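**Q** For reference, Swiss-Prot lists these features for the protein:
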{"type": "DISULFID", "residues": "Cys11-Cys70", "note": "disulfide bond"}
{"type": "DISULFID", "residues": "Cys26-Cys117", "note": "disulfide bond"}
{"type": "BINDING", "residues": "Tyr27, Gly29, Gly31, Asp48", "note": "Ca(2+) binding site"}
{"type": "DISULFID", "residues": "Cys28-Cys44", "note": "disulfide bond"}
{"type": "DISULFID", "residues": "Cys43-Cys98", "note": "disulfide bond"}
{"type": "ACT_SITE", "residues": "His47", "note": "active site"}
{"type": "DISULFID", "residues": "Cys50-Cys91", "note": "disulfide bond"}
{"type": "MOTIF", "residues": "52-69", "note": "motif 'Coagulation factor Xa binding motif'"}
{"type": "DISULFID", "residues": "Cys59-Cys84", "note": "disulfide bond"}
{"type": "DISULFID", "residues": "Cys77-Cys89", "note": "disulfide bond"}
{"type": "ACT_SITE", "residues": "Asp92", "note": "active site"}
Amino acid sequence: NLYQFKNMIHCTVPSRPWWHFADYGCYCGRGGKGTPVDDLDRCCQVHDNCYEKAGKMGCWPYLTLYKYKCSQGKLTCSGGNSKCGAAVCNCDLVAANCFAGARYIDANYNINFKKRCQ
């Protein structure tokens, strides 16, 4: 669920508050459209698409609980998750790892969505 995703982000990117990823580019946060502004925004676009796919499986990605571990910045999803738990955990794990490898550009935080995301 979103609370667990927030904690995953903190695991892989402890140096930056999670809310910096909640209003970034065209895809991090409020849904998304248009062309991603950078690699970090592409991480969010992939995450959105992953959640959409999980939804088509009958899952509720924003609410689905799952089990995972964080150890020294490394995430693993537990093997005992339900079908939906496994799918959503994987979506969140891939995104959190992607965030860790992408450059954060301050100018792409809280951008003018109407102008830049068409």
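Cβ atoms are placed via backbone N, Cα and C, with glycine included.
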**Q** Just going by other Cβ atoms within 10 Å, which of the binding-site residues Gly29, Gly31 has the emptiest spot?
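**A** Among the binding-site residues Gly29, Gly31, the lowest count of other Cβ atoms within 10 Å belongs to Gly31.
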**Q** Other than Tyr27, Gly29, Gly31, Asp48 themselves, what residues in this chain have Cβ atoms within 8 Å of the centroid of the Ca(2+) site's Cβ atoms?
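**A** Close Cβ neighbours, site residues excluded: Cys26, Cys28, Arg30, Gly32, Cys44, Gln45, His47.
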**Q** Residue counts in helix (H, G, I), strand (E, B) and coil for the motif 'Coagulation factor Xa binding motif' (52-69), per DSSP?
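**A** Grouping H, G, I as helix and E, B as strand yields 5 helix, 2 strand, 11 coil.
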**Q** Using DSSP and collapsing to three states, where does Cys44 (disulfide bond) fall: helix, strand or coil?
**A** helix
**Q** Relative to the Cβ of Asp92 (active site), which residues of the same chain, six or more apart in sequence, are found under 8 Å away?
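**A** Listed in sequence order: Gln4, Phe5, Met8, His47, Tyr66, Tyr68.
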**Q** If I take the Cα of Cys43 (disulfide bond) as reference, which of the binding-site residues Tyr27, Gly29, Gly31 has the closest Cα?
**A** Tyr27
**Q** Work through the disulfide-bonded residues one by one (Cys11, Cys44) and point out the residue whose CB has the fewest other CB atoms within 10 angstroms.
**A** Cys11
**Q** Along the motif 'Coagulation factor Xa binding motif' (52-69), what average pLDDT does this model show?
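**A** A mean pLDDT of 98 is what the predicted model shows over the motif 'Coagulation factor Xa binding motif' (52-69).
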**Q** Starting from each candidate's C-beta and looking 10 angstroms out, tell me which of the disulfide-bonded residues Cys70, Cys91 has the most other C-beta atoms.
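**A** When each Cβ's neighbours within 10 Å are tallied, Cys91 leads.
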**Q** In angstrom units, rounded to an integer, how far apart are the Cα atoms of Tyr27 (Ca(2+) binding site) and Cys77 (disulfide bond)?
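**A** On Cα coordinates alone, these residues lie 24 Å apart.
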